[in-house]
Amino acid sequence: MEQQPEPSAQAPKIEDPAPTEVENAPVAEQPTQTSTKQVHSLVIDANAIIRNDPTVSTLLSQAEELYTIPAVVSEIRDEATRTRYQTTLAPFIKLRTPKPESMAFVTGFARRTGDLQVLSKPDLQLLALTYELEVERNGGDWRLRKDPTQKTVNGKPPAKEEEEAKTEEQDAVPEPTAEADAPATETTPEEVAQELEKVDLNPTPVEVEPEQAEAEEDDDEEGWITPSNIKKYQAKEKAGAGKQQTQRFLQAALITADMAMRNVALRINLNLLDTSLTKITFLKTWVLRCHGCWKVCKDTTKQFCPSCGQATLTRVSCSTDASGNFTLHLKKNFQFNNRGNVYSIPKPTHGSSNTKRIVGGGKNGWGNELILAEDQKEYVRKADEERRTKYKDLMDEDYLPSILSGSRTSGNGRIKVGAGRNVNAKKKR
């Protein structure tokens, strides 16, 4: 009897086509995963959550991951806002606390820019979290700045550094030349003389066609802007500006409305977005500048210079660009207001033991209890009163307006410093 082969040895294996279709299905869907969103890790400040601008649907459609710090959640005290946050945004947002190394870097950077005095601890934590995510996503801080005075970024992308290293290695390896491989041959003087006789020392001139000459002249004139080609140059500039404005995919970004946070973020070169999720590359704000010691104060609530202690602070416009350059915009012919400085301050008068009222301090006693320094006891007392009476109930029976109580506050709610502008001015009759 003939032995029949075992069917298991020769039978071909039949593969199930269903698993191959399941495995190939996700491959066709891969391009749609990274086609719409423009930010990978987006850090959100409390003002964006409280105002609901941008909305939750906009955040989810433009960012892959949302981050914030626990302190931001504790700042939401309104019941309606907290309920909206818990139901709509809390399931999609990640709470994360930055590392101490990131906090140390951001704190030191903000101290050198002068913004540390107006930044709170949650503000510094949000900046540190953005810095930390930027370093993690980009594989280092090569596109950031370590110092406010730094003109360029820290380095180049890791891919470009590897390519440059490879090209340097290739240039260092000497390439074999044909002269080294070919055997050396000696030439005799007779052969050299024969070769020289073959050379034509009087070549015939080449005739250039008129169209070719005009084309060469046009190429030479492309470097000059003339009335005939100015529109072409303007179109090129507009096309180049449009390419610069197009946004690429951002690895990490911060959305906030705080001007001090924006200034620090731009100077570090962190990606900064506004409420419409547009990248901010230019920032304009106001600071205080002392015209006595020329120092800049970022705290606009100050009335005295933190450096020299004088009431010589003036409001100045400033700007920060994408390169981290901080610029003060000063007037060319700025003149200080000297009203009230015609006459000197009268000497203060002392009291008397018999409780007799002595009138002094100039006309109507304008020189009495003048506030001229921040550490003066009159200023400290007025500041404490302002803090205690910050909330005024207009329906209170004991409440009196400032015009009746005689409180030394200016129209903008600040404490009156010095004699004022109208002391030496002539009154209209």
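Numbering starts at 1 and runs along the chain as displayed.
Every residue, even glycine, has its Cβ placed from backbone N, Cα and C.
Those TrEMBL annotations? Automatic predictions, nothing curated.
Pulled from TrEMBL, these are the features on record:
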type	residues	note
BINDING	Cys290, Cys293, Cys305, Cys308	Zn(2+) binding site
COMPBIAS	161-172	compositional bias 'Acidic residues'
COMPBIAS	173-187	compositional bias 'Low complexity'
COMPBIAS	208-222	compositional bias 'Acidic residues'
DOMAIN	42-133	domain 'Ribonuclease PIN'
DOMAIN	280-351	domain 'Nin one binding (NOB1) Zn-ribbon-like'
REGION	1-38	region 'Disordered'
REGION	142-222	region 'Disordered'
REGION	402-429	region 'Disordered'
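Residue counts for the domain 'Nin one binding (NOB1) Zn-ribbon-like' (280-351) by DSSP state, with H, G and I taken as helix and E and B as strand, are 0 helix, 24 strand, 48 coil. For the domain 'Ribonuclease PIN' (42-133), the DSSP counts in helix, strand and coil order read 60 helix, 12 strand, 20 coil.
Apart from Cys290, Cys293, Cys305, Cys308, the residues listed for Zn(2+), the same chain places the Cβ atoms of Gly292, Trp294, Lys295, Pro306, Ser307, Gly309, Gln310, Thr312, Leu313 within 8 Å of the centroid of those Cβ atoms. The average pLDDT the prediction assigns to the domain 'Nin one binding (NOB1) Zn-ribbon-like' (280-351) is 82. Summarising the environment of Cys293 (Zn(2+) binding site), the number of other Cβ atoms within 10 Å of its Cβ, over all protein chains shown, is 13. A 10 Å cutoff on Cβ-Cβ distances gives Cys305 (Zn(2+) binding site) a total of 22 other Cβ atoms nearby, all chains included.
Each of the binding-site residues Cys290, Cys308 was scored by the number of other CB atoms within 10 Å of its CB, and the largest score is that of Cys290.
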